[in-house]
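Here the structure comes first, spelled out in structure tokens, and everything after it is commentary.
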Amino acid sequence: MIFLCSIGCALFFIGNMNNNYTMQVWGLMCIWINNMLFSLYSFRKRIIFLFFNITMFTLLISRPFIAVIRNSNFWYFSPQDIAFSLNGVFISLLFLFLGSIFASEITKKEFMKSNIINDSIKDKTFLQIFSFLFYIISISCTFLLNMEKFLYVKSTSYLDFHANFTSNMPFFIKGFSLFSTFAMCCLLATFPSKRKSIAILSMYIFSNIPTFLMGSRNSFVLSVIFSIVYFIMRSFYDTKNNWVGKKEGILIGVLIPPGLIALGAMNYLRADEAVAPKGIFSLIVDFFYKQGTSFDTLSIGHKFMDRLPFSDIKLYTFGPYLDIFKYGVISQKLFGMRSMNEGNNYYRGMASYQFANNLDYVSRFKEFFQGNGFGSSFILETYIDFGYVGVAFFSFIFGMLSILFLCYFRKNKPILSTIILVSLISFFFLPRDAALRWSVFILKPSFWITIFICWTGAFLLEKLKEEKIVRWLITKFS
């Protein structure tokens with residue numbers, strides 16, 4: 001692995017000195033393969049790092065790599081913008097690797113300890129029961145909301161949805177839907193049995209099918225990745241049960257090709273176009289090429305960096321936090337601030353602290369109001385705020401977290417495990433998302449309300465454990 005990393009660095013630097021983009025891309029691929037081999041060397045300990053690198057390839061590396069293989073150009077921006085994109089991805093891949101190595105070393109003794117997780121969960125039975133009941137209600141509401149979105153897109157268009165959609169569901173359905181993800185993570189943090197976990201995660205994936213069918217793939221794909229990662233995390237510490245065996249491996253292997261084909265076809269179906277590529281392999285390659293547009297976003301973001309609407313001092317790295325502080329529910333109620341969740345408008349494009357909103361406003365002014373956008377990337381945001389040092393630092397931290405999440409998950413502490421699980425839902429989307437969006441839930445009232453409801457409900461169930469209905473529930477969950 002050190003050999004591959006060294007080869008990758010050498011190729012990248014030689015290519016950089018000679019303005020040879022093709023050589024630089026091969027350098028990136030060497031470092032990426034190095035990261036993948038490092039993940040596979042201790043697969044279950046580094047499962048989070050593995051999937052993070054898979055999304056790095058899919059969202060950032062695939063487009064220039066496929067262009068090199070096809071012998072076509074991907075440098076259709078200025079040399080300065082392309083140089084930034086290549087440098088940013090290179091630094092990020094390298095320091096993700098270094099961060100994961102560092103975390104692996106400092107947690108080596110922790111991983112050598114005997115398993116801490118106890119699947120008997122007798123001390124968590126009441127928390128598991130109430131969290132499950134709360135989850136059933138909230139995930140049902142989420143499914144209804146997603147069905148409403150699907151039906152809206154079916155009667156209008158995907159672009160019209162992003163520009164004009166407003167839910168007409170009753171307030172209590174919209175309210176309960178806010179808790180579904182958090183309730184699921186509270187429930188999974190009690191370490192339910194394999195059969196229960198399959199049911200819980202299946203409901204989560206199923207609730208995202210309507211949004212997938214309307215053309216929005218992110219939630220569905222992230223729910224599938226989260227489910228796979230959760231199972232592998234549980235398998236690492238649960239030696240009594242075979243969480244990921246031959247059957248599960250075969251099932252995943254069988255489902256991956258048709259899944260990629262469906263994702264590739266969605267590029268065309270959501271735009272009401274005929275599926276263009278000929279053949280299954282071409283459709284899969286086309287999927288990766290089109291998903292790699294985040295590489296272009298790096299170049300576009302660098303190009304428009306000096307034209308962003310700096311109405312005041314903005315730290316884009318902390319944009320999601322700043323938006324919640326200034327425009328969140330509490331600020332709306334106390335100070336009369338306007339919500340940022342009203343679709344794409346002038347206010348959102350100018351006043352938001354989030355990079356994606358500002359970039360889309362200045363780079364695609366007309367399309368911005370129609371719901372189009374480039375998105376963001378943690379590489380862009382950390383570079384704009386702190387330069388290449390920021391990219392290296394945050395990549396190092398994310399590499400560490402990819403190891404530390406699993407290490408602390410084994411502590412068998414429900415609140416800590418809940419926080420880790422909620423973080424993981426968005427963590428894998430960092431190559432195309434705000435640098436700290438994965439963690440901003442910690443400021444959301446809906447998260448802490450969920451924690452309060454689940455723990456209070458568990459306390460009340462324990463007090464009522466002699467009641468007939470509670471005894472029946474205990475028999476079902478014991």
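Each Cβ is built from the backbone N, Cα and C atoms, and glycine gets one as well.
Record features (TrEMBL):
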TRANSMEM  21-41  transmembrane segment
TRANSMEM  48-70  transmembrane segment
TRANSMEM  82-104  transmembrane segment
TRANSMEM  125-145  transmembrane segment
TRANSMEM  171-191  transmembrane segment
TRANSMEM  198-214  transmembrane segment
TRANSMEM  220-237  transmembrane segment
TRANSMEM  249-269  transmembrane segment
TRANSMEM  386-408  transmembrane segment
TRANSMEM  415-432  transmembrane segment
TRANSMEM  438-461  transmembrane segment
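If you look at the transmembrane segment (82-104), the same-chain residues 6 or more away from its ends with a CB under 8 A from one of its CBs are 5, 9, 12, 16, 21, 24-25, 27-28, 31-32, 34-35, 38, 42, 45-46, 49, 52-53, 56, 60-61, 64, 74-75, 295, 298-299, 302, 378-380, 383, 388, 391-393, 395-404, 407. Taking pairs at least six residues apart, the transmembrane segment (386-408) and the transmembrane segment (249-269) share fewer than three Cβ pairs below 8 Å and do not count as touching. Counting Cβ pairs under 8 Å to the transmembrane segment (21-41), the stretch among 48-70, 249-269, 415-432 with the most such contacts is 48-70. Residues 117, 119, 121, 124, 127-128, 131-132, 134-135, 137-139, 141-142, 144-145, 197, 200-201, 204, 207, 230, 234, 412, 414-415, 417-418, 421-422, 425, 441, 446-447, 449-451, 453-454 of the same chain sit 6 or more residues outside the transmembrane segment (171-191) yet have a Cβ under 8 Å from a Cβ within it. Simply put, out of 249-269, 415-432, 438-461, 415-432 has the most Cβ pairs sitting under 8 Å from the transmembrane segment (220-237). The transmembrane segment (415-432) makes contact with the transmembrane segment (48-70): 3 or more of their CB pairs lie within 8 A, with pairs spaced 6 or more apart in sequence.
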